[in-house]
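Novice: One structure, as structure tokens, below. Some questions next.
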Amino acid sequence: MQAKYSSTRDMLDDDGDTTMSLHSQGSATTRHPEPRRTEHRAPSSTWRPVALTLLTLCLVLLIGLAALGLLFFQYYQLSNTGQDTISQMEERLGNTSQELQSLQVQNIKLAGSLQHVAEKLCRELYNKAGAHRCSPCTEQWKWHGDNCYQFYKDSKSWEDCKYFCLSENSTMLKINKQEDLEFAASQSYSEFFYSYWTGLLRPDSGKAWLWMDGTPFTSELFHIIIDVTSPRSRDCVAILNGMIFSKDCKELKRCVCERRAGMVKPESLHVPPETLGEGD
């Protein structure tokens with residue numbers, strides 16, 4: 001009986017083992033092998049500073065772009081303002097230049113008017129006194145019209161008088177207006193027995209008369225009297241007692257030199273009070 005129980009237990013054990021084995025095999029066949037599970041861990045803490053850094057850089061770039069845009073806008077405004085300012089300054093400069101030119105023209109006109117008045121007053125003083133310190137001529141020279149004259153008492157040939165006048169920075173007497181003729185005649189009357197050379201001559205007998213500066217003579221002002229008493233050629237002209245004669249150029253006559261008068265200085269018109277008292 002015990003042998004039977006033992007046999008049965010053995011069979012059960014065998015069956016149990018078989019069952020366990022089959023169960024295990026069935027479980028092994030039905031259970032799929034589990035794949036290796038990949039762990040999805042949270043982002044590493046090292047990426048967070050990088051992301052923050054990139055974000056910060058982006059913000060800095062945006063701020064920089066905004067600042068550049070603002071600077072460009074300000075520069076554009078300043079550029080336009082500068083252009084407007086330059087245009088305004090150029091306009092003002094043009095207006096100032098025109099005003100300056102206008103003032104210069106007015107100044108020239110005023111200076112001309114002042115000079116005219118000063119010359120007129122000085123001439124009145126000169127004619128009354130016979131000489132005045134306001135005269136535009138140097139001492140011993142006579143003022144008439146626009147010129148200064150000097151009547152020398154030394155007698156020279158026509159050519160010597162020519163070079164003498166040149167040495168005095170002047171030329172020989174030239175009569176091209178009626179006023180000049182009257183002035184020269186009045187001076188010749190004062191020296192009744194003396195004649196004065198003029199700057200009129202002709203290169204050869206029969207040719208045209210020319211003044212010293214090459215200007216041709218016109219007979220409308222005066223007539224040249226041929227002096228038949230001169231033994232040689234009569235190609236130079238002298239004035240005697242208001243009359244015009246042709247003379248031999250080698251004869252000795254007094255010299256008359258003339259040169260352009262200077263400008264009358266308005267300050268020279270001032271008359272000291274003591275001078276006015278003496279006149280009274």
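Each Cβ is built from the backbone N, Cα and C atoms, and glycine gets one as well.
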Novice: Regarding the disulphide bond with CYS257, report which of CYS165, CYS236, CYS249 Swiss-Prot records as its partner.
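Specialist: Disulfide mapping in Swiss-Prot sends CYS257 to CYS165.
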Novice: State the disulphide partner of CYS249 as given in Swiss-Prot, choosing from CYS236, CYS255.
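Specialist: Here Swiss-Prot pairs CYS249 with CYS236 via a disulfide bond.
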